[in-house]
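See structure below.
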């Protein structure tokens, strides 16, 4: 079966790897490579020679190459870059990370450079230089040096303490351990010693040390559940799935040690949700996407162990590409103080210039003719005025407030402690207090004018509940009895007839249940069948209970609703999905999954039913679904009216639709789909174009409505922020 998640192609004799396109290690001859190539297995997807030739230029565009278990591979000249003159360094970063700003050598010059960016500090440095010139000094040089050193010292100590904390954090992270293949066996290795191409083993509840390609895991079909809170703040589990071929052959330690696959992929970048690459192994090529990659910063959950090969390490990982360089941040108060000091400079210079001009005039009129004022120096009056200009600059230095910066630093430090001690910002339910993580920016909190907030999971609880639906133009979900009559008081539906019901699902429309049980409405059957089959949810069974793991709470709510209403998602493999339809178990072949993304706003699945018919099921936002509907959809207006009603009730809506596909149409489309799925450049655009060809002339089934309640205290919080004249913008989906 062909799916986007596991697209494979075979090589012909002439298209085998060569040194220019796909280098291999020096210790492997072409004869040895040929001997490692097994026969093509039945059922694996093959692409014609024309397709392979069309892909060849794309391979050459992918300059990032990773060879598993082969250190000598990375010593080749094409993987070196010039860092200075003739000195060269590998373009592959080590896995040690660095977030600190200073080291023992750079601390003094860098910190002084940053501090002398402050106008007052720079002024007193110039003043100190002037005081060291005997002809113009009016005060001893140490009268400026001592306070300047005091100011610089206090600020430097504060910066040093902050940076020492960063050093400790870096050392703690770099010295974590995981198991890495060394000399044919897994051995405990520090994170900082991990290199690109290493095979590593990760265990439950451990962090991922680098960006790795998932090869296999302890779970069925080599699933791996990860928590991405460190990357995107989301606490719900996401799942990754290895290629079927690596799941099948890379389970034992010896197989891991012998693995010599070559990965060609995109250069390191900061796109957390994108990845395009190809694995070349055993004379086959396999498409790689973001669903097969574990990113540094993820945490392994609900998976005893998993194996992977390191693709990006250290500074090349996506999380480090997003972190950027540590910058010296300035607040509005800093900018205001600099502006004030510059103004004082101008006043000081004008005042000193006026006094110097007056002194020159006095020298010409009185000083030269007064013998008792002669100092033994035969300087002209203009030159004496010039020297006195600098003398006045020194004498009037008290106009520039050097202690202002120290005072502000002390105030900021005190403010940060007050923030930490503030009882009104203490959350007793989770024993969490406010914490000021920096002493540099806290006064900015009082100068906020705008707040841009996400809605789902920030203002809402991110706990989705299926509430209502519209099927074939008919709305369901109100308080109704079995005959369809509205009730004044809600009465919960009894799901005891369904052995798979989870006992937590609350529904009050008895009429819909009667319609499902009667089986007289084929549109209702298709509707809930679509909810049970068109998703990426994974399931595991514990103590006889089904537990769904959904990457999105919306999907979890829809699959759970279908489960309680008689259409139960039971299990899935790489190419099949098993569903219980009102007590009858059936297994369907999954021919392709057309993934959801924020641009498409929809997902589809193509399945082969028991009779051999091929059908596409699709769900997505109404704006994109309505554009792709067949012109003769009789219930279009009724469904649109239902969507408006659901939106006015602040419910989240999705449209459901399907279409039948002929065998000839699918075969022609599938060839394009496989070609696009192994493209190494512009893969997303190629796939989107192919998806558009099949997602058309859809037949509308109906719409779902899901509730996501507000978190406690949200209205009061918004009201208080409004009282403080803070403007709030909420970033929502495509509904007002």
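Backbone N, Cα and C define each Cβ position, glycine as well.
According to TrEMBL, the protein carries these features:
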ACT_SITE  454  active site, 4-aspartylphosphate intermediate
BINDING   454, 455, 456, 555, 596, 619, 652, 732, 733, 734  ATP binding site
BINDING   454, 456  Mg(2+) binding site
COMPBIAS  25-34  compositional bias 'Acidic residues'
COMPBIAS  35-48  compositional bias 'Polar residues'
COMPBIAS  49-61  compositional bias 'Basic and acidic residues'
DOMAIN    81-145  domain 'P-type ATPase N-terminal'
DOMAIN    174-237  domain 'P-type ATPase A'
TRANSMEM  142-161  transmembrane segment
TRANSMEM  339-362  transmembrane segment
TRANSMEM  389-408  transmembrane segment
Can you tell me the mean pLDDT for the domain 'P-type ATPase A' (174-237)? 89
Across the domain 'P-type ATPase A' (174-237), DSSP yields 11 helix, 30 strand, 23 coil
Other parts of the chain folded back onto the transmembrane segment (389-408), taken as Cβ under 8 Å at six or more residues beyond its ends: 118, 120-121, 123-124, 127, 130-131, 133, 136-139, 144, 147-148, 150-151, 154-155, 333, 337, 341, 344-345, 347-349, 351-353, 355-356
Rounded inter-Cα distance in Å - residue 596 (ATP binding site), residue 454 (active site, 4-aspartylphosphate intermediate): 20
So residue 454 (active site, 4-aspartylphosphate intermediate), by the Cβ count within 10 Å over all chains shown, scores 12
